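Database features (Swiss-Prot):
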BINDING   GLY627, PRO628, ASN629, MET630, ALA631, GLY632, LYS633, SER634  ATP binding site
Amino acid sequence: MPEIAQAHTPMMRQYLETKARYPDAILFFRLGDFYEMFFEDALTASEALQITLTARSKGDDKVPMCGVPYHAARGYVARLLEKGFKVAICDQVEEPGKSQLVKREVTRVVTPGMVLDDQVLDPREASWLGAVALEDGRAGLALLDASTGQLQCGEVDGDERLVDELRRAGVRELVFSSAADGARTDAIARAAGAPAARRDAAEFDRAEDRLRKHLGVPSLDGFGVSGLPLGLAAAAAALAYLADTQRATPRHVDRISRLSTDDVLLLDEATRTNLELERTLSGGRKKGTLLALLDRTVTAPGGRRLAEWLRYPLTDLARIGARLDAVEELTGAAVAREELALALRPVADLERLLSRLVLGQGNARDLRALAGALLALPALAGVLEARGAARLREAGARLRGLEALAAHLDAAVAEEPPATLREGGFIRRGHSAELDEIVAIAEDGKGWIAAMEAKERERTGIGSLKVRFNKVFGYYLEVTKPNLHLVPKDWERRQTTVGGERFVTPELKTFEEKVLTAEERRAALEERLFEALRQAVAAEAPRVRTAADAVATADALLSLSRVAAERGYVRPEVDASEALEIVDGRHPVVEAVLPDGPAAYVPNDVLVASRGAPECGEHGALLVITGPNMAGKSTVMRQAALVVLLAQMGAFVPARRARIGLVDRIFTRVGASDDLARGRSTFMVEMTETAAILHNATRRSLVVLDEIGRGTSTFDGVSIAWAVAEHLHDVTGCRTLFATHYHELQDLARERPAVRNLTVAVREVGDRVVFLRKLVQGGASRSYGIEVAKLAGLPAEVLARAREILKNLEAMEVDEGGHPALARGRRRRAGPSAAQLGLFGGGAPADPAAEDVAKAIRAIDLDALRPLDALNLLAGWKKSLE
C-alpha cells in the first residue's frame, strides 16, 4: 500500500488515512451506490467473496479494487464474518457536493463477536464475545452479547476449564490484553475455535471503577460480582471493545451477572458433542438434536433462552423446582398453553430491537416493531398473572410499566415506515404540527406541478410536455425535438439532450426554491424527531430489558410444557440423594424419529446409586452393560444422561417415573475418531477423554463410558478397561454406566460389591438374531458381531471365513507364539495361564463337547420346541458330555 502523501487524488488520500486507522479490518469505503475496497483489501475480499477484481488507474500503476452494492452489503459482510474477517464500514456522512470531497467516517466495525444486524445474526442463537484476563493458573472470563446487552463475568482455574466455558457458550470472538503471553492466548483461541483480537492493556485496568461508572452505581455488590478482579477486568475490556467498534455508548448493557459454575451442571465439550445437544455427530446439523426436539418456542428470545437452559442445567433444587412447577401447570392446561402462545406471537425480539436503537443502528421499522411488541405486553402480562406457578406470575409482573412508551411510539411512528430514514414519511400525521405543515407544502407542490404541466400543455400545444426533477438541474420542463418549435420565448434553455431539450421558467424557479426548502426542512425535522424517539427508548432500556427477559422465560417454559404434553413426559423427582432411578426411560430424540412412531420404542430401566448411598445396596454404583452390537447399549446410556440433563434444566422427562439425585457433572466417553490436526490417534483421543473423567469426576457425577480400550490390542484394552472400572468404583464411587464388549469385565461383580451386570437381550431364531432392545439382569456370552456384519451386507465368503476363524478362537486354538490362531491346524492353547480370564481370577480350557452343547442350545427356537423334543435333546447332550 502506498504512502498517504503519494496518493494522486483527495479521495484516495481519504481512503488511505481511514485504512491506516483500521489495519486489521477490511475497509468497506462508500462511493455512491457501492462499497469499494482497494489494494490488499481488494485482493483478500475478491477471493473470499468470489467477486470480480478490477483495477483503478493511478498514473502508470493499477490499484486493485473490487466492490459490492450498498443495498446488498449485509450479505457480503456476513460471508466475511463467517471466514473470520473484521469489516470496517466507512459511510458518507454528508450529502455529496458539487466540488468538495464528501466527508466519510467509519460508523461501525463489524467483527465475528460484534454483530447487530438481524439479517446476519441467527435469531435463535446468542452471539457471544469472550473477553479473557489471564494470570498464572487462573483466568477471568466475560461473556457479552452485543445484540442483547447481556454481560456476565466469572473466574476459573486453569486454561482447560476456561476453554470448556468458552466452547460451552459458543463464543464467536475472543479479546485478550496485548500484554498477555502470545503463545498462551494463541493456544486458548485455537482450542476455543474462535478468532482473537488483542487490545490495549489499559482497557483491562481500573475495571471496577469503570464498570461502576457505566452502570451508574456506587457499588457492584448488588450484582454479585464483587471479589472477581480478573472477571471484572475482562468485563470492562468487553464493554470497551463494544463501545469502540460500534462508535456508541452501550447504554443497553445496564446490568452484569456472575458467571458461576457452582450452581450449574457441568458438561464438557466431549459430553455436549456425544449427547448431540445442539449439533448431530454426523454432519453437525441442528435437526435431530435434543434442542431441535425441545424448541417449540414462539419467539426468537424464547429459543435463545431454551438453548441457554440446555447449556447450563441447574444444581439448585429450589430453582429446578420452580421451573418444574411452571411446566407442570402448563402441561396440564391445554387452553392456557394456547392462550400464552397467542399472547406471545405479536412480541418481536425486544432485546435485539433495543440494542440496535440504543447503539444508533436502528431505523423507523425497528421503532415500529418495538411499538407493536410493547403494545402486546399488557395482554401477555394478564395471561401470566392469572397462573398459579410463581415463575409465571413473576414473569407477568415484570412486563408492566412500559405502557406510556408503547403509546408514545405508536402515536409517533407510521404503521408501515420506509426501510431508510432518508426516504422520509415515517412520522405519523398529528405527532408534530411543524412537520405536518411542511408536509402539506410538499404535497401541495405535487398538485401544483400537475396543474402547471396541464396549463403549459394547453398554452403551448405540446402534448408530451413533462415537468421533471433531478439533483443537478432541479425542476425543469422537458420537450422532445419534434416540439421544439412550439416552445415560448419566455422559457430559458437549461440543457440539450439526445431526445430533446430542457427549460425552466421564472414561475418554476420560484416553486423550486419553496419546495426544496420544505424538503430540506422536512428531512432535518424528521431526523430530530427520530433521535428524540430513540432517546426515549434508550431512557427506558432497563425496563425494556427486564420485560424482554420475562418474555424469553415465559416462552421457554411454554415450549417445555408443549413437548411434555405432546410426548407423554412426566415430572421427575429431583432431590439431594445420590440415586438415579429411571423406570421405563426413553431416548427423547430416538423415539421421536422412529419410522413406526414413539410407540415402537422399547423403554428401559436404569437404577444406580453412588457407592455408599442407601440405594447402592439394591442398585449398585457401576453397571457393566454387555450385549451385541446394534442391540442398543449406547442408546440406553445416552438416554439416562439426557434424562438427568432434562430434569436438572427443569423439564419433564421421557419415562414412566424418574428420581434424579442431583448430579454435579455428566461425563460421556462414547465413540472416538482421530484428531489429525493435533496429531492424536483414535486411541489417544479416547485415553485423553478418559483421563479427564478420572481426574475430574466426583462422587456426585454421572459417568457414561462406552467401549473403553477398544482402540488398542485386546489384552491392553481389557486391562485398561478393568483398571478404569476399578478406579471409578473404589476411588470415585460415582454413578457409572460402563458398556463393553470385553465380557471378562463381568467378573468385576464377583470382586466389587457395588458392580452389577446388565445385558441387552437378544433372541436367536435359527441363524437369525433378533435384537429385543431390553436391558436385563445378567451378562452376555457373545457379541454377535458376525451377525451384524451379515446385516451390513458383507460378502458371503468373508462371513464364512469369519465364522471359521471365530470357531478356532472359541476352541482356544493358538499358534506357536501362544496367540489365538486365525488359521486351521494349530495346536490347542494349553494351561489356564493362557486364557484371558486368568488375568482376573482363574479360568479353564474350553471343553469341545460342552462348546458343542452350548452352541446347540443357542440355536434352539424355544417357541417351537415341544416338551418331548426337549427331553430327547437333554438326554443326547448328557450322553455326549459323559
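Any Cβ shown, glycine's included, is placed from N, Cα and C.
All features noted in Swiss-Prot, drawn onto the structure.
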{"residue": "GLY627", "record": "ATP binding site", "Cβ within 10 Å": "28"}
{"residue": "PRO628", "record": "ATP binding site", "Cβ within 10 Å": "21"}
{"residue": "ASN629", "record": "ATP binding site", "Cβ within 10 Å": "17"}
{"residue": "MET630", "record": "ATP binding site", "Cβ within 10 Å": "18"}
{"residue": "ALA631", "record": "ATP binding site", "Cβ within 10 Å": "25"}
{"residue": "GLY632", "record": "ATP binding site", "Cβ within 10 Å": "22"}
{"residue": "LYS633", "record": "ATP binding site", "Cβ within 10 Å": "25"}
{"residue": "SER634", "record": "ATP binding site", "Cβ within 10 Å": "20"}
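A Cβ within 8 Å of the Cβ centre of GLY627, PRO628, ASN629, MET630, ALA631, GLY632, LYS633, SER634, the residues given for ATP, is found for these other residues of the same chain: VAL760, PHE771.
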